[in-house]
Amino acid sequence: MKSEEIRQKFLKYFEANGHTIIPSASLVPQDNSSSLFTIAGMQPLTQYFLGSKHPAGVRLVNSQKCVRTNDIDEVGDKTHLTFFEMFGIWSLGDYFKEQSIKQSFDFITSKDHLGLDPSRLYATVFAGDPELAPRDNESFEIWKSVGMPEGRIYFLGAKDNWWSAGDNGPCGPDTEIFYDITEEGIGDLSHEEFVKATDNQKIVEIWNNVFMEYLKKDGKVVGKLEKQNVDTGAGFERLTTVLQKADSIFDTDLFSGLMAEASKFTSNTRSQRIISDHFRSAVFMISDGIVPSNTDRGYILRRLLRRAVTKTDKKKIEVAEIDSMVEVVVNKYEYAYPNLKTEEENIKKVIKEELEKFELTIEKGFKEFEKMKSKGVDGKEAFVLFSTYGFPLELTLELAKDEGIEVDVNAFYEEEKKHQEASRTASAGMFKGGLQDHSEMSVKYHTATHLLLAALREILGAHVEQRGSNINDERLRLDFSHGEKMTDEEKQRVEDWVNGAVMKDLGVSWSEVSVKEAKENGAVGIFEDKYGDTVKVYSVGEGDNVVSMEICGGPHVERTGDMGKFKILKEEAVSQGVRRIKAVLE
Ligand code: SER
């Protein structure tokens, strides 16, 4: 059975049973959820479990695009993916356990539908937990009534049979359906044997019926929802693997085209799988408007694309190859996701631009790695690759692994920390010693540097990021990312912008906020990717009149008024894509 047929059978069966087919939501969560991506079919429907009325009714069905990156390092084995589709069937306060289990069983086993062998099925049900909810005897009885032998129904705890999307929101016990994928067939198993067989992937989960009738707040069940809902999910790729009796997800028709493309890059199966998975994810992410960047979703996309490249033998994917990979995905999926076709050219363009950028980084990094490797690459050297050449640690680790070299990751982080402390001490030192008026002058230059960066971002564009800065009591120097020489007019506009802010005599203030909050407020600066940490953010201006917001340790002037007149002395190239401005306050 081809994957297209599985999808159609699924949607049609549940439609015939009174469910309305709804489209997949975007991979970018549209609610204010804290997750970067849509990670489950029910996630976009959360509000409807909590009581809102869904415009399409109380019975819904769809296939939802999802991205989960927590298992990214496992991708390359037989089962893990970063992008996947989740088949979902929902009852919003309509039918409950009995109909849910019966129709799932019918669809899975009936010859007209999936036609899987019922004697290879197993079910698990919730064993109960004093903190959550009682044992689910009802589901156990329903399973027996459809003909599941008692010895193939296992009671498991919350770790396996309780589902919630996070610490807050709807949740409940679930019953999961497993299928024996071994050639010979295993037959009846004791509880322990069953658990072992699932660990060994001889028996795999194919279906999950969650009975959402509880509400969680801050990780604790606080009561029941207004209505009893069902959230049924089944991984499309997993079902396809089982139905096609494929050895791995990558041996199904969903991946045959991509794997054929990837086999041109390398003969290593694991690498082919990683390239195929990451490319497919990237195509879907870009089709939902995500672009590569250094933070959040954009960073994940960047990492997926870069990692795909590093898995090729040549460490390069040519433009024509990008085109054919994108075409393979678009052609395979446009029947279900027509926006892939309309976005096709844009997807190709985004990937090409990103990989061109990466090529520059990687060329330098690989060269340096080659030089280093005969002496071994320790954490310190990995840090040099990262700090000097922008070569990601994860790539160094991958290269090192291929060469059988061990890199001490902790040493890398220690080095990074030392580096940060050193630069902090240096900037603190710069503002401490010296005569009073000198110090005051440096502080003025420091604030002027913030204003300059804000002006450059305003006038040249938001691609401008600080690459370095050096301040003394006579001038400031700022290195920033920008591809071209600035025109005289641009320099003039930047000067005018900074002087405008000086003339307005704006107040300067700081606050200590979480990294997340700083990002959301649009602050610029170095984000160390540690959620939960707080950072100091300096703002110039107040309310609607904030002209600069930057993560920084300070110190700064209290008001911009007496800083003097800002003048650019020189604008020049430092390296490819990085410019330097020297400026004074007169
Ligand atoms: N929410 C459940 C899951 O993701 C069922 O759809 O497994």
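Note that Cβ sites are derived from N, Cα and C of the backbone, with glycine treated the same way.
Annotation source TrEMBL lists Zn(2+) binding site at H446, H450, C552, H556. The number of other CB atoms found within 10 A of the CB of C552 (Zn(2+) binding site), across every protein chain shown, is 22.
Under the heading domain 'Alanyl-transfer RNA synthetases family profile', TrEMBL lists 1-586.
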For H556 (Zn(2+) binding site): DSSP state (helix, strand, coil): coil
Remaining residues near the recorded Zn(2+) site, that is with C-beta within 8 Å of the centroid of the site residues H446, H450, C552, H556: T447, T449, V508, Y538, E550, G554, P555
Densest Cβ neighbourhood among H446, H450 (binding-site residues), 10 Å radius: H450
